[in-house]
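J.: Would you mind keeping the following structure in view while I ask a few things?
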Amino acid sequence: MKCNQCSMSLPGGCTIAGVCGKDPDLNSLQEALIYGIKGVAAYYYHAYELGYKDDEIGFFLSKALYSTLTNVNFNKGRFIELILETGRMHLKAMELLDKAYVETFGAPTPVEVPTGTEEGHGILVTGHSYKALYELLKQIREMGLEDEIKVYTHSEMLPAHSYPRIREFKALYGNWGGSWVYQKQEFSEFPGVILGTTNCVLQPLKQYADRIYTTGIAGLEGVPHIDDYNFENLIKHALKTPKMKRVENGKIVTGFHHTNVLPLIDKVIDLINEGKIRHIFVIGGCDVPNPKMSYYEKLTQMVPKDSIILTAACGKFRYNRRDYGTIEGIPRFMDFGQCNNVYSIIVLAAELAKRLGKDLNQLPVSIVLSWMEQKAVAILYTLLYLGIKGIYIGPKPPEFLTPSVFEELRKKFDLRLISTPEEDLPKMLAKGSTLSSDSPLTA
Ligand code: SF4
Ligand code: SF4
């Protein structure tokens, strides 16, 4: 452990045990709580910036942080309760954000997004803030430059194309590059201006340091920050960058959402009952520069043809360009969008369980997550709060959990670390996910 938050700290921090009496497992649980509430805060921030507020979430963020102050709470069981409460609040925050996006930008529909380029000056937008992208597109229109400038989405901004009131802007063209992991190369190759709106944005290379900006929550050392979403200078800068040429490079599909998949659920149930859909895999989460991420690429390749894959977040860029085909018209691969769109997958899972008169315990569903940062941590807590057991996580266990805390969570929730697709896939196909009897989904 390392804690240095109060004046009783030993030189360099309390590392073996706290002067206050805190032990490494308690410190681990406090860190686990703090990382989860960081994730909740991120989604709440995006809902709040669109004018959607929730006092209960705001109060919970204060309460959870307060509980980690010196000499407030030494009760480990209480922290596990707070971690599960974080899962509940995260579900609430994702629901609020989904409502904010649908009411502001319209209900998403599946779209084919070009991954080539179009004639004109380019602006590349990365991060998660649809508000920033919307304001940029609006200002390009107001400046009469929709024929001169083309805007490209990068990484987690891809699903923006599926929202009707964003894709109606003529300046929005396509998607450039893959996940955040490859941004230094991809931004170097992009000839236009780049805008970072949230994570995951990295300190720039000199090749593009003079044409990158940040806005909203994002910030980079030595890079201009745009306040109040006033993009005039950025847009004028884009006009001075070399024009891009039209290049065809295929398309990727995104935009699945519970509002457009729920109408298909009767058909899905028929196909499950007829044995034509054997298993549903939820394979999603962050991309990470870790060799074990090849697990997800391989697993998605190996899943049987009578299975479907639901995904969200940026890890999908490792496997979303394949043609997975359909099962009697139902797409075998559905991209639900950003990490917060796991909310849609939860809604669908709950509906499937209800219609079949079962809980997820009895459904042929396996959840396989990749995690990098704290929003993924909060999503995991939501799934644990819902009582979903047997979740696979990777590419590695969280360093902030001591072995004994991880073991406790593993036993309580049957959390599994990924091993190899060859070893895990048969177990997934045999078992699916299990749901605890006290889960809100069984009610
Ligand atoms: S809160 Fe406890 S563990 Fe942390 S620095 Fe203070 S005395 Fe050390
Ligand atoms: S999904 Fe996670 S790793 Fe990927 S861009 Fe979003 S926050 Fe970053």
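Backbone N, Cα and C atoms are what each Cβ position is placed from, and that goes for glycine too.
The model shown is predicted, which means the values in this text are computed figures rather than measured ones.
In case it helps, TrEMBL gives these features for our protein:
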type    : residues                                                       : note
BINDING : CYS3, CYS6, CYS14, CYS20                                       : [4Fe-4S] cluster binding site
BINDING : HIS128, GLU156, CYS200, CYS286, CYS314, CYS339, GLU373, LYS375 : hybrid [4Fe-2O-2S] cluster binding site
MOD_RES : CYS286                                                         : cysteine persulfide
J.: How many other Cβ atoms are found within 10 Å of the Cβ atom of CYS20 ([4Fe-4S] cluster binding site), counting all protein chains shown?
T.: 15
J.: Among all chains shown, work out which of the binding-site residues CYS3, CYS14, CYS286, CYS339 has the most CB atoms within 10 A of its CB.
T.: CYS339
J.: So, in DSSP terms, is HIS128 (hybrid [4Fe-2O-2S] cluster binding site) helix, strand, or coil?
T.: coil
J.: Across all chains shown, how many C-beta atoms besides its own are within 10 angstroms of the C-beta of GLU373 (hybrid [4Fe-2O-2S] cluster binding site)?
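T.: Step by step: centre on the Cβ of GLU373 (hybrid [4Fe-2O-2S] cluster binding site), count other Cβ atoms within 10 Å, giving 16.
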J.: Can you list which of these binding-site residues (CYS20, HIS128, GLU156, CYS200, CYS339, GLU373) have a Cβ closer than 6 Å to ligand 1?
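T.: By the Cβ criterion, which requires under 6 Å to ligand 1, the hits are CYS20.
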J.: May I ask which of the binding-site residues CYS3, CYS6, CYS14 is closest to HIS128 (hybrid [4Fe-2O-2S] cluster binding site) if we compare their C-alpha atoms?
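T.: Among CYS3, CYS6, CYS14, CYS3.
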J.: Rounded to a whole number, how many Å is the Cα of CYS339 (hybrid [4Fe-2O-2S] cluster binding site) away from the Cα of CYS6 ([4Fe-4S] cluster binding site)?
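T.: About 35 Å separates the two Cα atoms.
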J.: Per DSSP, CYS286 (hybrid [4Fe-2O-2S] cluster binding site) is which: helix, strand or coil?
T.: coil
J.: Of the binding-site residues CYS3, CYS6, CYS20, which one has its Cα closest to the Cα of GLU156 (hybrid [4Fe-2O-2S] cluster binding site)?
T.: CYS3
J.: For hybrid [4Fe-2O-2S] cluster, what surrounds HIS128, GLU156, CYS200, CYS286, CYS314, CYS339, GLU373, LYS375 with a Cβ no more than 8 Å from their Cβ centroid?
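T.: Near the hybrid [4Fe-2O-2S] cluster site, beyond HIS128, GLU156, CYS200, CYS286, CYS314, CYS339, GLU373, LYS375, sit SER155, TRP180, ASN199, ALA313, GLN338, MET372, ALA376.
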J.: Could you round the CA separation between LYS375 (hybrid [4Fe-2O-2S] cluster binding site) and CYS14 ([4Fe-4S] cluster binding site) to a whole angstrom and send it over?
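T.: LYS375 (hybrid [4Fe-2O-2S] cluster binding site) to CYS14 ([4Fe-4S] cluster binding site), Cα-Cα distance: 28 Å.
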J.: For the recorded [4Fe-4S] cluster site formed by CYS3, CYS6, CYS14, CYS20, name the remaining residues of the chain with Cβ within 8 Å of the site's Cβ center, in chain order.
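T.: Once CYS3, CYS6, CYS14, CYS20 are set aside, the remaining close residues are ASN4, GLN5, MET8, SER9, GLY13, GLY18, VAL19, LYS22, THR70.
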J.: How many Å separate the Cα atoms of CYS20 ([4Fe-4S] cluster binding site) and GLU373 (hybrid [4Fe-2O-2S] cluster binding site)?
T.: 29
J.: Cβ under 6 Å from an atom of ligand 2: which of these binding-site residues qualify? The list is CYS6, CYS14, CYS20, CYS286.
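T.: Only CYS286 qualify.
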